[in-house]
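J.: Sharing the record's features from TrEMBL:
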- D418: active site, 4-aspartylphosphate intermediate (ACT_SITE)
- D418, K419, T420, E512, F555, K578, R612, T675, G676, D677, R764, K770, N793, D794: ATP binding site (BINDING)
- D418, T420, D790, D794: Mg(2+) binding site (BINDING)
- 1-18: compositional bias 'Basic and acidic residues' (COMPBIAS)
- 44-109: domain 'P-type ATPase N-terminal' (DOMAIN)
- 816-1065: domain 'P-type ATPase C-terminal' (DOMAIN)
- 1-35: region 'Disordered' (REGION)
- 84-100: transmembrane segment (TRANSMEM)
- 106-125: transmembrane segment (TRANSMEM)
- 307-333: transmembrane segment (TRANSMEM)
- 353-375: transmembrane segment (TRANSMEM)
- 847-868: transmembrane segment (TRANSMEM)
- 880-899: transmembrane segment (TRANSMEM)
- 930-950: transmembrane segment (TRANSMEM)
- 970-988: transmembrane segment (TRANSMEM)
- 1000-1024: transmembrane segment (TRANSMEM)
- 1036-1056: transmembrane segment (TRANSMEM)
Amino acid sequence: MKLKDENEIKDENELKDEIELENESEDKDGNEDKNEDEIEFMEIRIADRQFTAKKKYPPNFISTTKYKIWNFIFINLFEQFRRLANFYFLIVMLLSLGPWTPIDPFTSIAPLIFVLAVSAIKAALEDYKRHKADKEANKALFKIYDPISESLIDTQSKDIQVGDIIYLTDRQEIPADLIVLSTSEEDDVCYIETSNLDGETNTKIRSGLSSTSHLNSIENLKNSKGTIKCELPNDKIYRFEGQIILDSTGETNALTVSQVLLRGCSIRNTKWIFAVVVYAGIATKMFKNQRGKGYHFSKFERTLNTLVWRIFLIQFVLVIFCTFMTGFAYYKIKDAGYVNEEDALWKELLTSFATYFILLSYMIPISLYITVELVRLAQAWLMQWDQEMYSPNQRGKMTVKNSDINEELGQIQRIFSDKTGTLTENEMIFSKCSINGNIYDFSNYIKNENNKDHESIILENDEDVSKIKSEIDQNNLIYKLFFQVLALCHTVIPEKNPETEEITFQAQSPDEIALIQAAKIAGFELFERKKKTGITLKQKDGELQSYPVESILDFTSARKRMSIIVRNENNELILLTKGADNVIIERLASGQEKSIDQISNDLTQFARSGLRTLLIAYRYIEENQFQNWKIRYEQALSSLNNRQQNIDQVYRLQDGVPETIQYILESGISMWLLTGDKIETAKSVGISSKLISPDTKILTINCLEEKNSISRLEKKFNKYCKSSNQNHNLALVVTGHSLTHLLEHKKEQFIEFGEFCKSVICCRVTPKQKSQIVDLVHENSKMICLAIGDGANDVGMIQRANVGVGLFGKEGNQAALSSDFALTRFKHLQRLIFIHGRYSYLRLSGVVLYSFYKNFSFILVQFWFSFFNAWSGQSLYDDWVMTLFNVIFTSLPPLVYGFTEKDANESIIEKYPQLYHTFSIRNLFSWKKFVIRFINAIYQSLIVFFVVYGTEANNPTLRYDGLETGLAALGSYCSSYSILIVLLTYALETNYWNWITHFSLWLSIAVIFLFLLMLSNWLSVFAYEYGVLKMMLSSSSFYTLLIIVVILGLLPEYFVKYWRTNYHPYDWQILVERYKNKKLLDNGSFPKVKKVDSLNVKKNDEIEIDNL
C-alpha cells in the first residue's frame, strides 16, 4: 500500500516520523533512555596507556567470588547466623558452656558445628568454582597492538586496558566491550553470537565505520591515534552513544550500538577483526547486568518461619513453667541439709531457666534446614532426570534453577502464559499474503523443515504462486513492489561459498529468512549485499539488479516498523516499510479507503486462522526532501537505539498444548493468556488450545476510550459477578487499550472479575503490562501464581510470579535463564506441576512436620521426667544419645521420605486432573496439621515415660554386680523405645514402599541398638552406660515393655489411619484401591463428588466421595 504523499504531509516532522528513529524510544527492557543532555561522557585515547592510567579506568581483571581466603570464615559465619534457627542454637551452645548445663557441652556444640560445616563446605565449593572460572578468564591470552614495538603481543585478559587495540579471530570470545575498527569482510561487517549475554542464539551483525576501515593491518595501525567520547558505563546492552575522532583526519563520526562488541559474546563467521576497548572489567555491560535474581520467599517458608516462632513460644512457656516449679521445689527442700544456704532463690531460678532452655531446645530440630535443603536438592535431581520431560529435538534440557520453591508447584492456583513460542511453535513460515484485494496461499508451497539453518523446501506447481508469477511477468507494479519490499527491507547478509557457489544467509532472526524465501519464490532472490553497491537481487531471468541503500531505519518498540530507503532501477528514491498494521494504516495516503477496508478484513481472517500479520507499504521521495532529512538524521545518529525487527510468522500449536491446557483447567487452576497479538489471533489460539471450550461464553472489552472501557467492565461485572454466587463458564478477552484504562482506574474490580472467569485473554499487551497484571493478581488475590514464557519480553512476568517457568525458545534462552524452572516444551508443564509439584509439596510437608513431631516426642519424655527429679534439670538421656538423635538415629528416614513418598501412582494422577484441586485444598502444611502431630507426640511421650518409669520404679534392672542400674537404665529404656516409636510412626505414615524405604527404616533401627551396645561395652569412654544394655537384653521385662509401649504408642495413629482409609477416605485413596484391584475406570471419569465450587472452595474443605 502507498504511504502519504509529500503534499499530504502536514509538516516536515511528519516525514521525519516516517523515516526517522525517535530519540525517546524505549529500550528493550521497557525503560526510557536518558535524554541526550542528561548523559555524561567519558574520554578515551586510542592506544595510549599513559592517558588511561591518568583517568584510572578499571582494568579488565574480574572477580565474581563471594569470599577471599582471609575473610571466608567471618563472612560465612555472619551469613549463617543471620538465619534465626542457627542463631538460636548458637545461644543454646553458649548457655551449655556454663556451670548450670545439665548435659555435656559437646552435645550442643557438635550438632551446631556439623550443620555450620556442611553449609560452609557447600558455600566454599560453589565459590571455588567461581574462582576457577575467574582465573581461567583472567589468564586467557589475546593479541594486543603495542604502539612501542609496533607489533601484536600476547597479553592476558586481566592486563587489557581501556583504549587498547585488540585483534580477534573467528570463534574467539570477546574479553571486553569493544568498538569495531575493521574486519576481514569487504564491508567491515562481522557476526557475533550473544547467547552468553542475553540468551539469544541467532547471529547478530556489527560493522565498522568507513572512516576506520583503513586500520586493517599492523602497518596502518601506526596511524590509529585518536579520541573516543562515549557515555559512562551502564547496563543498557541495546544502547550506545559516542563519537570517534581520528588524529589523522580530524573527522568526527558517530558511534552507535552497531559498532559495539560486548564482553561475553563470540566472533562468528569472521576471519579477524581489529577493535578498540571502551569498557573493561567491572565496567563492561555484562557485569553491569549481573544482578542476582530476586529471591522467591515461598509460602511454605513463611509458614515454616511462623511455625518455628510458635514452637519457640511453646518452649519458652515450658521453660518458664519449669523455672517456676524449680522455685516451688526450692522452698520445699531449702531446709534440707544438702542444700547450700548461700544459694539465693534468684540464682536458682536463673540456673533453672538456663538448664531447661538447653534441655528443651530439642523441640526445634537442629538438622531441619539441612534436611530441607537436601530434600529439595534430591527433588530437583528427580525433575532433571525425568525422561518424560526430555525432548531430543529441542535445544536445552529441563533445568531446576531455584529448588527453594519446589513445593510451590503443588499449590499453583493461577497460570499466566505467553502465546508465541510458549503455546505455539514459533515457526517462521511465509503462509499467506493479500495483494490488491486477492489472497494467495503459500502454505502448500513452502514446507519449513525446522532445521538449524532455517532452510525451506520449495514445492513446485502451486496454483496461487503461479498466479503471482504471472502478474509479475505482466509487469504489475503492485506485485513487484510487494515482493521487492520483502527482498530489500531487512538486514540479512548473503554469503557465497567460493567452492560450491552456494549462498547462505546470516540474519539476526529466522523470520527474515522466511520473508526473503517468499521473495525468492516470486523471482526476487537476494544475491549480494555490499556497502558500495547496496543490495543485489537476482531476477527470474538470471539478471542481477542492484539497489543502492541510502539508509536503514531499524524496528523499535516505539515505531513498530522497519524501513529502508533505496534507489530503484530508475535511480528514484523509494521508502519501503513493513510493520504492525495499526501503525502502517494510520500513515497511509488518502484515497485508499476501499483497499484499507479490504486489507482489514483480510487481516482479521488471517488472525482468526492463527497467523501473525504485518503490512507492506512504499513511498517515493523527492531528492531535495531526502537530503534535508538526511542532514537532520545524521545529527541525531549518535542517539540511535537499534531494535530487532518485528516479523511475519506463521505458527502452529506445540504438540500436547490443547491436552495440557484442558488438563490444567479441569484441575481447578485458572489460566490467563497474555499476548501482544491481535484480538482475533488470540481468540483463535484460545479456541484451538482449548483454553476456550465450545460452551464457554466469551466476554470482550475492546474500547479505545477510557469511559467506555470502564463502563463495559462495570456492566459485565454487575451482570455476572453480583447476580449469582456460582461461577460461570466465562472467558474474558481484553485488549491493550482497555487494559491500560482498567489497570489505572478499576484494577481491583478487573482482578475480581478475572478471578470469576475460567480463563482470561489479554491482547496487544506490552511486557510491562504483563508484569503489572501478574503483580496485581498476586497482591490482590494472594494466590500462588505461575508464569510461563519463552522470550525476553516475558522475563518481567516470569520474575514477578511466585513460580517462573521459562521455555528454551528458538531465538534465545533469556526466559529460561531468568526462570526458576526451564522446560523445552509447554506440555511438560503438566508433569512439572501435577507430578513433581504434587510430590514435592507432599514430601516436604511430611518431612518438616515429621521432623518437629519426632523431636517433640523425644524431648517431652525429658519434660515428664522433671516431675520426678525435683525439677533439678537432671538429664534423662545420655549425652551421646542426645547428640546423635537428629544427625544419626532419625536422619535417614526423613530424607528417604523426601524423595520417594507418593500418595497416588503417576498413572492415576495423569488420568484424573481433579485430584490436584482436592490435594491442594487439604493444606498439608499448616498450624492445624502441626497441632495434630503435637498432640500425638504428647501422647506417645506420656506412654513411653510413665510405662517405663512405673515398671522400673517397682522392679529396677540389676547390673552384673547386683547394683541397680537406676537412671542409666531408665534413660536407655526411654530413649530406645522413644526412637523406635518415632521410626515406626514414619512407617505408618509412608504410603509408598520400596527397597530404599525398607533399607532406611531397618538400618536406623539397627543403628540404635548397635550404638547402645557400644555404649554398654566401651568402659573407658561410656562408663556411665557400661553394662546397661547387656542387662536390658537379658531381662524379659525389656521385651514385654517393648511390645506394650510400641502397641500403645502407635494405636491412635493406626486407628486414625484405618478410619480415614475405610470410612472417610480421600479421593486419591479410593482411586489407589481401585488401581490396586484393577478397577480403574477405563473412561477416566472421576468418582462422583458432592458439588463444590473448585475455584471458591475454602482451604480446609474436603470433597466427600459418594458411592463408596
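Even glycines carry a Cβ here, placed using N, Cα and C.
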J.: Let's see if you can do this one: DSSP helix, strand and coil counts over the domain 'P-type ATPase N-terminal' (44-109), in that order.
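T.: Counting residues per DSSP class in the domain 'P-type ATPase N-terminal' (44-109), I get 33 helix, 2 strand, 31 coil.
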J.: Taking the domain 'P-type ATPase N-terminal' (44-109) alone, what is its mean pLDDT?
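T.: Value for the domain 'P-type ATPase N-terminal' (44-109), mean pLDDT as a whole number: 82.
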J.: Taking contact to mean 3 or more CB pairs closer than 8 A (sequence separation of 6 or more), are the transmembrane segment (307-333) and the transmembrane segment (880-899) in contact?
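T.: Stretch pair does not touch.
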J.: What is the interatomic distance between the Cα atoms of F555 (ATP binding site) and D790 (Mg(2+) binding site), given in whole Å?
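T.: About 21 Å separate the Cα atoms of these two residues.
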J.: Counting distance between Cα atoms, which of the recorded positions D418, D790, D794 is nearest G676 (ATP binding site)?
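T.: Of the recorded positions D418, D790, D794, D418 has its Cα closest to that of G676 (ATP binding site).
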J.: So which of 84-100, 847-868, 930-950, 1036-1056 is most in touch with the transmembrane segment (880-899), counting Cβ pairs under 8 Å?
T.: 847-868
J.: What parts of the chain pack near the transmembrane segment (1036-1056), using Cβ distances under 8 Å and only residues at least 6 beyond its ends?
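T.: Cβ under 8 Å, 6 or more out: 936, 939-940, 943-944, 947-948, 951, 955, 957, 973, 977, 980-981, 984-985, 988-989.
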J.: For R612 (ATP binding site), which of the recorded positions D418, D790, D794 has the nearest Cα in space?
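T.: Going through D418, D790, D794 one by one, the closest to R612 (ATP binding site) is D418.
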J.: Taking only the Cα atoms, work out how far D790 (Mg(2+) binding site) lies from D418 (active site, 4-aspartylphosphate intermediate), in Å, as a whole number.
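T.: Roughly 8 Å, rounded to the nearest whole number.
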J.: Which sequence positions outside the transmembrane segment (353-375), separated from its termini by at least 6 residues, show Cβ-Cβ distances below 8 Å to it?
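T.: Same-chain contacts beyond the ends: 83, 85-86, 88-89, 92, 95-96, 98, 100-103, 108, 111-112, 115, 118-119, 308, 311-312, 314-315, 318-320, 322-323, 843-844, 847-848, 851-852, 854-856, 858-859, 862-863, 866, 873, 875, 882, 885-887, 891, 894-895, 898-899.
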J.: In whole Å, how far does the CA atom of R764 (ATP binding site) lie from that of D418 (active site, 4-aspartylphosphate intermediate)?
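T.: One finds 12 Å between the Cα atoms of these residues.
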J.: Which residue among the recorded positions D418, D790, D794 has the fewest other Cβ atoms within 10 Å of its Cβ, if you could check?
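T.: Least crowded of the recorded positions D418, D790, D794, by Cβ count within 10 Å, is D418.
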